[in-house]
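What follows is a single structure, written as structure tokens, with notes after it.
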């Protein structure tokens, strides 16, 4: 076996290294992605028509299907719940089917990212999460893709985001210090990788199961260049957290560095301590203006307690980028006094106990995430392309697998692999045992947490029972008071009756002596009873005083409740004010929505205009096709007539040959007769010979004359037929040229039509996007309205609850919580005592030289006790900082307030995106408008140039005709050859000598009888002329003989639809729009506009221009057409340039008078005009000064337009 070339082996090893390297563009995953993307982009019917593409698909289609089936897919995961949704997709909580691990799966729509490629930064997000080796950044485990989505499998953060934490707790400065430090470390990790985050906010800060913070959502990240700067022309971020330098980059190129993230950290710290962002305003414009004027708008509320160090740090973050803290590195942030504490430092913060540890019921607990509504909207998908589009090519290389990479080691390294494998198995066993210990501790913690929760429930039940007892005691008190009052009234009635009886006995004492003893006895009995009743009354009074004291105590509690109720009423009023503010913002959003709908209507109008232009272009295309067909038929007819003429010419040639042969035969016969006569009649007399000779001479002369006449006739006919043939050939060539020009025009129009169709599709697509944005805005507004109604209902429920609880006291709750605090304090003291005892034991053991393993156990137990102490203290602080315990009765309101603030932030971000999309759309509409104007101007220039060339062509045709006439009259004498005599209107002659042309410019001499009309021109008539030359140019219309009209006129006459031509006083008016300066010939007002030109009418013959409104109003706006008198007369136009504006006016006035007297209209001799001629000659420069001649000659320095 031949040995492998060492150099070649080195090259192969380099390739293999690239294939194994997961960060290389040539790794195996990238190559497989490329093959799969190529198959997906080629597998369409229109593309498979290509033989090479079809062969490629036949070869690789099944292998790619096999590879896709073996690689990771979405069906490898079980979807538990949707926990988030964004512009490009959603985030799902999933569990791997085989390993049963829980992940967060992020789906990104390929269609949306291709459609909005300017805001899709999925590569940066994938690179950061895949390559980041930091505990502060969410890790990427897998990345894969299919035909619709990109998938990123990431760590699941069950603690939710920091917005959820701030809505449930009043964040003290100690907590804010901890979370701010972790955010600083996370951003430092991002910056060290060479990226700027640009969207730092609490929504992107997630909490893991241990309570620590991790940074997520890197879709807005951008890589820094060599000098640590980022260059962008779009403001990216959330409005409340965006920095001034990023805000200034909107709509223009801007550059900034990592300091923009430190600004967002300052806003985040302010929000944690105060409860709201520092530059919040009711509108985006207000927020942006406050951010730009941050030096004056940054204030700290007086009712919030905040340390001087915290204020100093916030002010250091919220400064200009040249003075902002962190511009020189993260170390100056770490050195700030705000972060100094005795519980953790920058190296041990990860091992410290967080302020809040999430209480989780399972590994798929989603209690810290909001419920996401199901998305019933249609999924976007790529259209079936008609040509290769490459929609999947941008995603090649996206696949990633953290756990497994392709192995390509040689067999020689198998022993090392086995050893590594054994080590990994040992590590796995160690980790499993550690995992079991952690799970056991976790279950113990869960049990203790359940015990605390059950105790809390018991305490709540006891509180409710005591409240019920207080209510019963108050009820009994009222009932006893009522009974006592009834008994006193009864005793008073009884005493009154006894006194009346005693009076009756005293009055009848004299009459009833026998009853005295009995009465005295009864009186004694009554006295005894009275004494007993008095004692009872005293006892009742004593109990009454005791009840009165208890009543006064209840009355005091009642007053305290009334005071709290008044405070809650004030909070309710403030909430109502916030509701009114939200209603104002909703009204503002409705107005912006109305504005968006108006812009949509304008776009629809533009689309309808483009559709009308499209229909006009299609109609013009049909007319052009008919013209091409007609010209083709005409060419065929001309070719037939040419062939017929050639046949006739051959016939005449044949006749000529036959006549010539007959003549030669006659001569031969005569010579033979003459010879016969000489042989047979020698004796004939001389007179007979003379007679025969005379007859012979006569016959010769006659034959000669006949032959000459025939020959001349044949020559004339041949010459005429040759001229006709040349003319026909020339016409055929002209028709062919015209057909080629029309074909080129047709192709150009087809290209223009295709471009307009493309523009129309783009506009329709943009309209659809705007409609989608409007629908999303409407849905957001609807959600905000629903949230507002829910908040109102919650406020009503809260009010009812407060009214129902106004009779209950809060002192019992305070006592219960005080007991609980005392209990926890006792536990704390117990733990401290245990720690002291453990420390004493530790010192004793150190003195007794305890073995290392026992010492490690004691240290471990000591550390565990210390951690338990910190956790207990943190748990106590967490309970005391919960908003539901700090401010009872306000929980629902606070949650709703936080929810409204979160929705408001989302709404403001959507408004910012809507403004950016509107700005992009306006720029695109402006660009399309400029392109359309440039295209129309180019078309107009081309038309003017074409007309100018046609005029020059007609002029050349006229000169050719004149030269032919000169050649036809070649026998004219020398005087007519060297000079031309022109008879002017008075009958005088004007001789133009041949030698005058040495010092003169070429001119065209016309008869006055040929002139139709003379007029000044506007910018619309001579678009290519300079503005300063327009007042010097005038136009002459004259009749021509033996000339063709301009092609544009022929096309207009042949192709113009009669329904669009308006006949008025001999004028043939057509509808036009002028975008260059043009004046109405009827009212002398402008008849043009650059953007929205009014409807105008122009005569095809005399070029009179008027407003269409004059015709619609049936006004007498113009006279009869000065050209359209005889359709057999061909009218031509000529543009002349005078020396000055005064000379132009003089020429127009002079020629107008001559046309009025002797023009083609005034002469009344339209039929005789057919015999007039045009002559091309050279005239002297000073001939225009001759005022006595009536011939219309061009000024010396004039030129055709």
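Residue 1 is the first one shown; counting continues down the chain.
Even glycines carry a Cβ here, placed using N, Cα and C.
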Of the residue ranges 1140-1170, 1171-1201, which one carries the region 'Disordered' annotation in TrEMBL?
1171-1201
Looking at 883-905, 906-928, 929-951, which one does TrEMBL call region 'Disordered'?
883-905
Would you mind checking how many other C-beta atoms are within 10 angstroms of the C-beta on residue 106 (ATP binding site)?
27
How do the residues of the domain 'AGC-kinase C-terminal' (342-410) split into helix, strand and coil according to DSSP?
3 helix, 2 strand, 64 coil
For residue 106 (ATP binding site), which DSSP three-state class applies?
strand
Restricting to the domain 'Protein kinase' (77-339), what is the model's mean pLDDT?
91
